[in-house]
């Protein structure tokens with residue numbers, strides 16, 4: 001079997017799909033994208049195609065190593081996201097060729113179901129509470145919420161009090177009937193992160209995500225040492241070499257590699273195994289589309305240290321398309337009591353509505369994250 005063609009489709013809301021075709025008619029799908037930089041990743045995918053077209057798709061490891069090591073400069077979000085989508089599509093082809101789900105190729109199931117959690121946004125506590133109520137009605141009991149707005153390197157007690165008040169209202173409204181993680185989104189610098197984490201402890205969040213940026217990872221063990229709340233990070237780490245450093249330094253209780261940013265299934269399977277040796281949990285980052293989610297689930301079902309899976313159903317970013325809009329076999333993604341179950345179709349287990357993908361790709365827009373500024377005009381982290 002030989003790879004004959006690679007086609008990309010940028011799609012609403014902010015996704016990109018990759019179709020890899022073969023001379024035997026087997027097609028694989030991947031989701032290579034960086035939110036807000038889809039065109040850059042698209043260019044990288046097509047640049048890398050010269051190493052892929054004409055190759056045997058079964059040689060996933062060799063293709064991955066060629067894409068990663070074939071250039072003197074490597075790593076980073078654009079290249080690793082391009083590799084990730086190609087890798088996902090190759091696993092999809094291999095599973096389809098052999099007639100088995102990808103998790104069977106990775107050693108088989110280690111669990112029967114995986115808990116899903118849902119992101120809940122809202123500018124007011126009442127909006128967040130209403131969003132949680134709606135999701136609990138369909139079986140969710142675990143959520144992720146924004147931990148704070150933008151915050152200066154040294155900021156006021158008023159900012160801290162405002163962030164804590166929101167969390168307090170949510171905990172008061174639901175008690176221990178729900179669990180929620182708090183995402184600082186890398187908006188907070190270390191001095192304020194120390195204060196904010198301490199003030200949030202009475203409300204027992206499930207985890208604190210990205211309390212500081214990955215570039216400031218030396219603070220993860222320092223912050224972890226001062227709190228009993230698990231620290232999570234990893235969506236802006238792009239290879240096992242990035243994770244090697246933070247795992248060796250300690251501090252993280254949960255790693256969150258993104259299967260569409262961190263080299264795909266091949267790389268994230270290794271990252272998960274490496275984390276297990278440090279007794280660190282896995283919770284793949286996934287605010288993206290159905291192919292990315294399927295890739296995450298295949299790793300979740302073979303990694304013993306996987307604890308829960310993010311998914312983007314109803315997320316506020318999904319303007320113009322929902323999670324399963326481009327999927328034919330929607331029922332295969334059905335959750336029961338807030339859990340996903342193994343996908344049973346060969347490959348990634350996602351049947352893509354290609355006709356709709358082609359049509360909607362004509363309506364793609366260039367999504368950009370907001371640019372926030374402090375009152376003094378300086379750019380803030382979003």
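From the backbone N, Cα and C atoms, a Cβ is placed for every residue, glycine too.
Note that the structure is a prediction, hence the values are computed from the model and not measured.
Feature annotations, courtesy of Swiss-Prot:
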ACT_SITE  185  active site, proton donor
ACT_SITE  285  active site, proton acceptor
BINDING   183, 209, 235  Mg(2+) binding site
SITE      258  site 'Increases basicity of active site His'
SITE      310  site 'Transition state stabilizer'
Measure from the CA atom of residue 310 (site 'Transition state stabilizer') to the CA atom of residue 183 (Mg(2+) binding site) and give the result in Å, rounded to a whole number.
13
Cβ within 8 Å of the Mg(2+) site's Cβ centroid: which residues qualify beyond 183, 209, 235?
144, 181, 184, 185, 210, 232, 233, 256, 285
Go through the recorded positions 185, 209, 235 and tell me which ones have a CA within 10 A of the CA of residue 258 (site 'Increases basicity of active site His').
235
With the cut-off set at 10 Å between Cβ atoms, which of these recorded positions ends up with the most neighbours? Options: 183, 235, 258, 310.
258
Which listed residue (185, 285) has most other Cβ within 10 Å, given these are active-site residues:
285
Those residues of the chain, 6+ apart, with a Cβ under 8 Å from that of residue 209 (Mg(2+) binding site):
144, 147, 181, 182, 183, 184, 185, 232, 233, 256
For residue 235 (Mg(2+) binding site), which DSSP three-state class applies?
coil
I'm trying to understand the geometry here, so how far is the Cα atom of residue 285 (active site, proton acceptor) from the Cα atom of residue 235 (Mg(2+) binding site), in Å to the nearest whole number?
6
